[in-house]
Amino acid sequence: MRKLALFITLVGLMVFNFSCQKKHEFYGFVYDQPAYDFKLIDQDGKEVRLSDYTKQGKVVILFFGYTHCPDVCPTALNTLANMMKKLKEEERQKVQVLFISVDPERDTPSVLKNYVPFFYPTFVGLTGSQEDIKKVAKEYKVYYKKVKGESSAGYLVDHTATIYVITPDMKIKLLYTPAKQDPEKMAKDVEYLLKT
């Protein structure tokens, strides 16, 4: 009888403890869809795949943009840099930010190498052929279009400004639209994903 009472008490405590644990409420939009394993060229001229990073157990944060972007891209990269600074050192080592250029005509590996790590040293810029970029953009449902501009660059590129968070199991777990890009809240989401 005492064993039964002890067993019931232990089960009750376990249920109580489990129910008291606060479930993380994500700031980003939960998407939870498979991530396309693209193959592109990094800022050092090397061919890389998304899975090269996820196989290392890293959470990958993906953003599509271009180096001549006057506003959205530097803002997003700055937000991601501030998010990285909010993480602990051991957490930062498990996060990889990838910037995929939607302007491969101008964004060569050397141009990306001078631009992307300026925001944070571990950020990596990726480019490829027009066809490669088009395929990756389509898989991630990214819109982009070259438009005539009055800038010295000659043209601008309208593009989707969503940030994608990809977990080591190759799932697009979270999306952040421009209106929901708060570095502190994003860091909390990433911290949680690194623990699970």
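Keep in mind that glycine also has a Cβ here, set from the backbone N, Cα and C atoms.
For C69, the disulfide partner recorded in TrEMBL among C20, C73 is C73. Looking only at the binding-site residues C69, C73, H159, the densest Cβ neighbourhood within 10 Å occurs at C73. Other than C69, C73, H159, the residues of this chain whose Cβ falls within 8 Å of the Cβ centroid of the Cu cation site are, in sequence order, F64, G65, Y66, D71, V72, A76, V102, V157, A161. Taken together, the residues of the domain 'Thioredoxin' (29-195) have an average pLDDT of 96.
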